[in-house]
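This report concerns only the one structure given below.
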Amino acid sequence: MKKKKMTTAFGKPVGDDLNSQTAGEKGPVLVQDMHLLEKLAHFDRERIPERVVHAKGAGAYGYFEVTADVTKYTKAAFLSEVGKKTDLFVRFSTVGGEKGSADAERDPRGFAIKFYTEEGNYDMVGNNTPVFFIRDPMKFPDFIHTQKRNPATNLKDPDMFWDFLSLTPESIHQVTILFSDRGTPITFRHMNGYSSHTYKWYNEKGEYVWVQYHFKTDQGSKTMTAAEAGAMCAKDPDHATRDLHESIKNGDFPSWTLEMQILTPRQAKDFKWDIFDITKVWPHSEVPPITVGKMVLNRNPENYFAEVEQAAFTPGNLVPGIGASPDKMLQGRMFSYHDTHLHRLGTNYQLIPVNMPKNAPELNYQRDGAMRVDDGGGGGPNYWPNSFGTAGPDETALEPPLPIEGNAAQHSYKLVDDDFVQAGNLYRNVMSEQDRVNLTRNIIGHLSGAQKRIQLRQAAIFYKTDKDYGTRIAKGLELDLAKVEKLANMNQADRVKATAS
Ligand code: NDP
Ligand code: HEM
């Protein structure tokens, strides 16, 4: 084979890549050494901003296969036929840690899928939990600040963490899942993925239903105890990244079964739970999931930076047949992701191959900008309407209208006792005694780092969720149980006042 020759970024052959050009044997180095200058300048710019959340992750390619006829619910082309396969890219991640943090940390896990459909890219940007800590996007930046580092010490801070959560009691459902062993899945392959939000599916006739996605792991849901996870953080901070890569390399392709929960608008109207509140699930007994398809991951990326670090998902990437719901958090996310990609990757990030709509090439009149590396529309018209017969809008891609009414205002969710019911059901009815022992031990270990008044406020929330739950936490933290019970019986405003300082 002919030996390939090294070149500069602009293709000039490189004569020496080991020694800088110097004036005389001992230097100094000459500015005319363009290869050296180019090499150092490029190195200086190797890093792009890390994701503000979900910075540590691993990705893989695969496909989705439809296994049930869902055409009465959605006209999405990629879901139009049993047996139809669509290429996809997945990125799994932790949330709060930096790019070098350990895969085994207690955290929700991101579960983001990019389907390369013939009607454009469809992104399902979910987590491994069916609910979330908050339900209004206004709270997201504050919430994330409390999960990251203290501004003074640059350390993780139990006071910030529990102060915010105890002032945000709608977080209790997600907190209970996070501190159970589901907060430390054994690998990315052994966890479920959920849309968490409600989305809309609509069919050819314009009829719509509300849906939630559940990608159930075919590997079985497996978790680590806190002790096992702690040991894993020390032994191999990249264990889940390694596991995903190696299992695919060895031909052991992980897969997930997609189950959907579906509610008609009429069912949704009379439903016990607010279907747009992301802190709630739809109980399986009331909305039994139906199996719809299968996702298989079978190919590793070749270059981590190009394909995984530069991958850009947004819940706003929807295709005809799939729409957003009024869920306030989802609406906030529909702004945030595209916006952060413009900052993290640049104006034309859709041209990065992993993000390209490869089965439905971009055709519009958006032009130019930094790194417009294709022909930018060539010499064709750069405006619409035009009378030169170029691409125009297609009415059939319009979404059916959704009636909305009410006053424009900053409406708050009413803080109601309902917020504690599902977390209580999880604790009482789903968890085994061993799960409850592990859960309460994990909470006590973390909450013990916070101030006593914050411990009391949060213990009262556990007590309100379930007496046994709160009692175990109070005992483990050596709190006055009578005080915890009294706080649990107050409304949130009085509880906050009583634990103000
Ligand atoms: P079901 O008894 O029908 O289902 C229980 C669900 O809980 C299963 O999906 C199971 O997942 C999951 N699960 C088991 N252990 C944990 C854990 N430690 N943390 C989180 N999830 C766990 O219950 P319901 O539908 O009536 O819901 C009861 C509670 O179960 C809910 O309040 C919610 O906390 C939890 N749950 C409900 C889901 C839903 O969409 N209805 C989804 C996930 C959790 P798996 O199948 O993988 O074992
Ligand atoms: C990543 C914002 C809630 C799942 C991100 C990123 C931002 C963000 C800015 C970084 C994206 C990037 O740089 O590529 C928000 C906001 C939220 C919110 C503002 C609430 C208002 C959620 C929820 C979920 C979720 C509820 C899950 C249901 C993810 C995932 C990623 C991510 C999986 C990583 C995507 C990847 O792998 O590249 N989020 N988020 N987020 N978020 Fe959220």
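Using N, Cα and C of the backbone, Cβ positions are placed for all residues, glycine too.
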From 1-23, 231-253, 346-368, the residue range that TrEMBL assigns the feature region 'Disordered': 1-23
N127 (active site) - helix vs strand vs coil (DSSP): strand
Tally of residues which DSSP labels helix, strand or coil - the region 'Disordered' (1-23): 0 helix, 3 strand, 20 coil
Other CB atoms within 10 A, centred on N127 (active site): 24
Inter-residue Cα distance where the pair is H54 (active site) and N127 (active site), in Å: 11
